[in-house]
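Report on the structure given below.
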Amino acid sequence: MPEQEAFRLRCPVCGSTDIVFNEETGEYVCARCGTIVLDRYVDQGPEWRAFTPEERERRGRTGAPLSPTLHDHGLSTVIDHRDRDALGKRLSPRKRQEVQRLRKWQLRARIQTGMDRNLTIAMNELDRMANLLNLPKQIKEEAAVIYRKAVEKGLVRGRSIESVVAAVIYAACRIHHQPRTLDEIAKKLEVNRKEVARCYRLITKELKLKVPIADAMDHIPRIGEALKLRGDIIEYAMKIMEKIKGHPITAGKDPAGIAAAVIYIAVMQKGERRTQKEIANVAGVTEVTVRNRYKEIMKVLNEMDLEEIEKEVSKK
């Protein structure tokens, strides 16, 4: 590094060791007499800075980043499926046959064991399911890590890959406070709900996953966004949720059902037209659930002052 190099230099004119480095000109200059001690210095170090060993290791690594969502973490190479050479020209029939044969052998080299085959299928399925649910990268990676641990402990054996993948996705969503109900996941991914629930309970128990308790508050932004509600309505619903949080009426109830009922109350108070059926479909619950939770919550809110809640929201 230039700073370290400066300590070893000495001015040939005055003998001073107080040498400074000029980053703009690439010169080492004596701070006492101004003599240029060394010029045209080329810094061989990296152009980035790192403040921790972990950051230095991460930024210093060359090549593509490792990813748990790929069965081999992305370490192996893949022969391009397009039959073209480096200049973009199509290969001759003879060359295409040769490349096809190389692809086959390369695939066999990548997938050698039963675990490799399982992970290849599972990671492809995970990618497909995560795209259907519009999940962010961090949840996909969390789900992939959980699945790998389940494979290592032999929890996948005898169970369908689709059900296990759906279960680890549900667990990853819970861990990252991304509200997704089992019913929603089972419906969108077209898997058996009971089987997914069974796999989820097994995985969380055997892997000792610390999954936070589902919070109805987490469901409100998702439902509000899906219904394209105004920001003030969502904020009003969250204020209502704060008022009833911890109340006995919420104990043992489905968080999605409570959130749906609170959203319904908020849209009614704000004069927005939304039906119970519409809200229930988005929340992944039944109309009956929304109706029952609505009645219970309204009894509690009637003891409070809804206008006071609205004033609190308006002040912000």
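Cβ atoms here come from the backbone N, Cα and C positions, even for glycine.
Here Swiss-Prot gives zinc finger for one range in the set 7-38, 135-166, 231-262: that range is 7-38.
The DSSP secondary structure for Cys30 (Zn(2+) binding site) is strand. Mean pLDDT for the repeat '1' (124-207) in the predicted structure: 91. Other than Cys11, Cys14, Cys30, Cys33, the residues of this chain whose Cβ falls within 8 Å of the Cβ centroid of the Zn(2+) site are, in sequence order, Pro12, Val13, Gly15, Ser16, Ala31, Arg32, Gly34, Thr35, Val37. The repeat '2' (218-299): residue composition by secondary structure is 62 helix, 0 strand, 20 coil, according to DSSP.
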